[in-house]
Amino acid sequence: MLTITAIPAFNDNYFWIVRQADSNFAYVVDPGVAQPVIDYILAHDLILAGVLITHKHADHVGGIQGLQDFYQNSLPVYGPKAEGIAGITHEIIDERTLCLPHLEANVEIIPVPGHTLGHHAYLIEDAIFCGDTLFSVGCGRIFEGSAAQMLASLTKLASLPAHCKIYCAHEYTQSNINFALTVTPNNPNLLQYASWVAKARADNIPSLPSFLSTELAVNPFLRCHTYEVKTAVASQFNTEINDELQTFTLLRKWKDNF
């Protein structure tokens with residue numbers, strides 16, 4: 001069974017420490033800075049076995065060099081070759097599975113272009129490490145890809161088993177809820193989730209992970225096929241909506257300017 005722990009960093013990032021419950025070998029996902037990771041590993045008597053990277057942005061890769069310096073360049077660092085990330089030792093090109101030696105679990109590699117063109121998500125048992133593609137009640141900005149690519153990537157993640165947990169890289173949930181309530185103010189699932197998140201954050205508890213089943217019920221970016229979201233988008237932009245891609249494209253534009 002996996003044990004997954006969040007290391008908070010910067011204003012709203014989470015670096016995820018992943019290990020088997022009975023093992024002291026651990027991996028870290030998207031370390032944007034080295035020292036909090038080193039501090040956690042030492043404080044919990046763990047051995048850092050490697051680094052897993054979803055995409056190239058600095059708040060996800062900025063800690064690679066510091067970790068290699070501390071561990072004398074002995075760390076394997078896995079990440080997408082297409083992202084051109086300095087410090088990657090094991091480039092992922094066309095592979096769809098990855099074996100992390102000390103994790104005793106197969107890692108499914110899921111290409112999710114949109115936020116960046118080479119962005120990957122990783123499915124480990126029932127945990128989805130999706131970087132900046134899917135957030136709780138939201139999705140990432142489209143910096144390099146197209147709306148069609150991002151929608152396809154989100155659809156791919158949405159098709160995974162509903163019991164999977166979403167380990168995204170940022171604590172954006174409350175701000176995403178504020179937007180979602182503007183889009184679908186009468187969604188009872190969203191209202192209930194908003195109440196839970198507000199209490200958790202007031203107690204300084206992470207809102208993550210979220211369950212995919214929850215996201216399918218509350219996340220407007222995963223519900224662009226629904227009448228409720230289509231109608232809201234059509235009203236906001238005073239236009240006729242013809243398909244799901246148009247809904248998603250305009251919804252993302254709405255959020256960008258929210």
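Quick reminder: no glycine exception, Cβ is built from N, Cα and C everywhere.
If you check Swiss-Prot, you get these features:
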- H55, H57, H115, D132: Zn(2+) 1 binding site (BINDING)
- D59, H60, D132, H170: Zn(2+) 2 binding site (BINDING)
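Location within the structure of each feature annotated in Swiss-Prot.
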residue	record	Cβ contacts under 8 Å, 6 or more apart
H55	Zn(2+) 1 binding site	P80, E83, H115, T116, G118, H119, H120, G131, D132
H57	Zn(2+) 1 binding site	T116, D132
D59	Zn(2+) 2 binding site	F10, N13, G32, A169
H60	Zn(2+) 2 binding site	D30, P31, G32, I53, T54, G131, D132, A169
H170	Zn(2+) 2 binding site	D12, N13, Y14, D132, F135
Which state, by DSSP, holds H57 (Zn(2+) 1 binding site): helix, strand or coil?
coil
Count the Cβ atoms, other than its own, that fall within 10 Å of the Cβ of H115 (Zn(2+) 1 binding site), considering every protein chain shown.
25
Taking 10 A as the limit, how many CB atoms besides its own sit near the CB of D132 (Zn(2+) 1 binding site)?
24
Identify all same-chain residues not among H55, H57, H115, D132 whose C-beta atom falls within 8 angstroms of the centroid of the Zn(2+) 1 site's C-beta atoms; report them in sequence order.
T54, K56, H60, T116, H119, G131, T133, G140, F143, A169
